[in-house]
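**Q** Quick one: this structure, given as structure tokens, is what I'll be asking you about.
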Amino acid sequence: MASRSTSSLCTAALLLIMVVSWATSASARNFYQDFDITWGDGRAQILNNGDLLTLSLDKASGSGFQSKNEYLFGKIDVQLKLVPGNSAGTVTAYYLSSNGSTWDEIDFEFLGNLSGDPYILHTNVFSQGKGNREQQFYLWFDPTADFHTYSILWNPQRIIFSVDGTPIREFKNAESIGVPFPKAQPMRIFSSLWNADDWATRGGLVKTDWTQAPFTASYRNFNADNACVWSSGSSSCTSSSSSSDGNAWLSEELDSTSQERLKWVQSNYMIYNYCSDAKRFPQGFPPECTMS
């Protein structure tokens, strides 16, 4: 009797393990589920059962991918390891964008450089087709040596760009002073690796060294669990979504510690800020520049 009972318990335990294992694997996200490779003729690849995506660039072509889903607000992370060595002339872009002539867009662009010289992280925000809101940074680590996490928090009040959890830029909703804010157009995630040696490195003075090709950037651990998927004209987030629903990010803002970290980055690593470029705006800075 005892052996039968033990056998039944073992069978039940084994079934439970199988069910849990199946559920875990079924819920795990991967690049096959979330993205489509859109160009590059085989230069973009999804590897390791969907856990890794690589983009490559050679003299004939770059490559790129886009998300299957559209999003209207979200907290979106990806880990990225940039092109190592002499990456001058190359640009790795990772951004959100809508369609049309009055599109919205939130940009990370990584401008390559000669070996030993730092990458430039270029950020921009477009609303209703208007950009020209560039801020550029050096990074406080080598972004080619390992994977690092690049994040966009986009909610109705603000857009926060972060690197490894450290905020580097905040673009606040300034509709109250007449500045359009991206809040009505769903956006897809796009990424590409391409040749931009007419402008990317030292204003185009340094050209791509094709003897170093192919150039490769690698992606892993995409996460958009905290994002509102837009489908058939409606959002996966309800209008009453709140922190109690696990959607605290929809009203998230920088706390005092994060504000200090933001100031640290901008004091030590920011190399260009459109809100400080008086030559570019002789008639006066854009209105959002007056916001603290």
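Glycine too: its Cβ is placed from the backbone N, Cα and C atoms.
These came from TrEMBL, pasted as-is:
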- E105: active site, nucleophile (ACT_SITE)
- E109: active site, proton donor (ACT_SITE)
- 25-219: domain 'GH16' (DOMAIN)
- N113: N-linked glycosylation site (CARBOHYD)
- 1-28: signal peptide (SIGNAL)
**Q** Could you give the Cα-Cα distance between the residue listed as 'N-linked glycosylation site' and E105 (active site, nucleophile), in whole Å?
**A** 25
**Q** Validating a neighbour-count step here. Other CB atoms within 10 A of the CB of the residue listed as 'N-linked glycosylation site': how many?
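**A** Cβ-Cβ neighbours of the residue listed as 'N-linked glycosylation site' within 10 Å number 19.
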**Q** Note the mean pLDDT of the domain 'GH16' (25-219), expressed as a whole number.
**A** 95
**Q** If you count Cβ atoms within 10 Å of the Cβ of the residue listed as 'active site, proton donor', leaving out that atom itself, what do you get?
**A** 19
**Q** Does E105 (active site, nucleophile) have same-chain partners at least 6 apart in sequence with Cβ under 8 Å from its own Cβ, and which are they?
**A** Y95, L96, S97, S98, N124, V125, F126, G131, P182, M187
